[in-house]
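To start, the structure under review is shown below, and the notes come after it.
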């Protein structure tokens with residue numbers, strides 16, 4: 001299989017950035033296909049820490065082409081700020097090695113403001129968004145009133161499009177008690193951004209098709225996790241895009257047959273940010289300890305992540321909904337030293353045992369985890385780079401996860417460092 005799709009197999013924050021960076025050494029092109037700058041990830045390379053949000057991890061690899069696909073919602077200012085920050089760290093970024101789909105939807109300041117107003121007004125019922133305008137931008141895309149990158153190339157044709165956008169947003173703003181927005185202000189802002197953004201614009205579906213036919217290896221980089229998918233996740237506590245592997249085709253303009261191996265990323269435990277059901281959440285000292293060891297705070301927002309035991313039911317479900325061929329298991333080292341480790345192997349709902357997470361919000365909140373206790377290990381797994389470096393009990397834990405989710409572990413990560421990775425099966429050669 002020449003192409004590889006990387007998706008999160010939990011609620012995001014699984015360590016996709018490191019795995020994508022590790023795989024990108026073998027890829028020619030790295031493509032983002034959904035989400036926006038709400039999904040941050042941290043990479044540590046030769047002791048230097050890089051924090052990415054919107055840009056594909058491939059930008060950190062010299063000679064690789066990084067691409068932002070049409071399935072992404074694109075904040076122009078966030079993009080320019082991130083490029084500038086990475087350039088200050090010595091990363092070479094230019095239109096030569098970074099391309100952006102011309103039909104990508106733009107996130108504007110009005111989207112961010114609306115996002116924040118809604119979350120504030122919802123109070124206890126808030127979803128827990130990053131308030132970066134992701135959802136409102138996707139709403140405008142589906143509502144056929146979005147401004148897209150290609151629109152900046154024809155400023156004379158922009159006013160009617162802005163008027164259509166504001167007919168919707170100013171009505172909302174009146175209802176929220178906010179002042180209306182003048183279309184001229186948006187036009188002036190976009191006109192100022194156009195010369196900075198348009199050099200990156202590309203007909204991405206055509207570019208990728210040409211590269212695929214040339215035999216280039218393409219790595220599709222997903223954001224968030226499959227359990228945040230707007231259709232298959234814990235709705236309504238989800239993101240506003242499809243995060244499952246099938247979106248790699250839709251979000252880039254490539255056909256489904258162009259997507260090869262699907263690699264699912266999951267932690268050796270479970271975390272979640274924001275509100276929503278979490279069957280294995282540990283609201284005790286063990287959960288706090290996992291959070292401290294794993295440094296479980298959001299890269300972009302700094303929000304504390306909720307922590308719990310590994311949920312094999314959920315990962316097995318995402319293996320199916322994403323068509324995952326192999327898993328990359330991360331942060332195994334965080335579990336070093338625990339006397340025993342619990343793994344969720346099933347649920348109990350209203351007195352009955354079930355083997356999947358139900359779709360209903362109420363039912364999701366009522367499920368109770370059924371645990372299997374596994375013996376822990378005392379020896380460290382941190383920085384291990386081969387199976388021989390791992391304690392026998394840690395290997396047993398990995399093997400048990402494989403059995404429970406019905407999917408082999410292809411990669412094992414034992415620290416944030418790029419080289420601390422154990423390869424079992426190379427996704428590009430599977």
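For all residues, glycine too, the Cβ spot is worked out from N, Cα and C.
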According to Swiss-Prot, which candidate in 120, 234, 239, 318 joins 13, 14, 15, 16, 38, 39, 40, 41, 130, 144, 224, 303 at the IMP site: 239
Of 13, 18, 42, 302, 332, 414, i.e. the recorded positions, those within 10 Å of residue 224 (IMP binding site) when Cα atoms are compared: 13
Where residue 40 (Mg(2+) binding site) sits in the secondary structure, as DSSP reduces it to three classes: coil
Residue 13 (active site, proton acceptor) versus residue 414 (GTP binding site) - Cα distance in angstrom: 15
Among 41, 303 [recorded positions], residue with fewest other Cβ within 10 Å: 303
Listed binding-site residues (12, 15, 302), ranked by Cβ neighbours within 10 Å, top entry: 12
Site extent for IMP (largest Cα pair distance over 13, 14, 15, 16, 38, 39, 40, 41, 130, 144, 224, 239, 303, Å): 34
Fewest other C-beta atoms within 10 angstroms, as judged across 18, 304, 305, which are the binding-site residues: 304
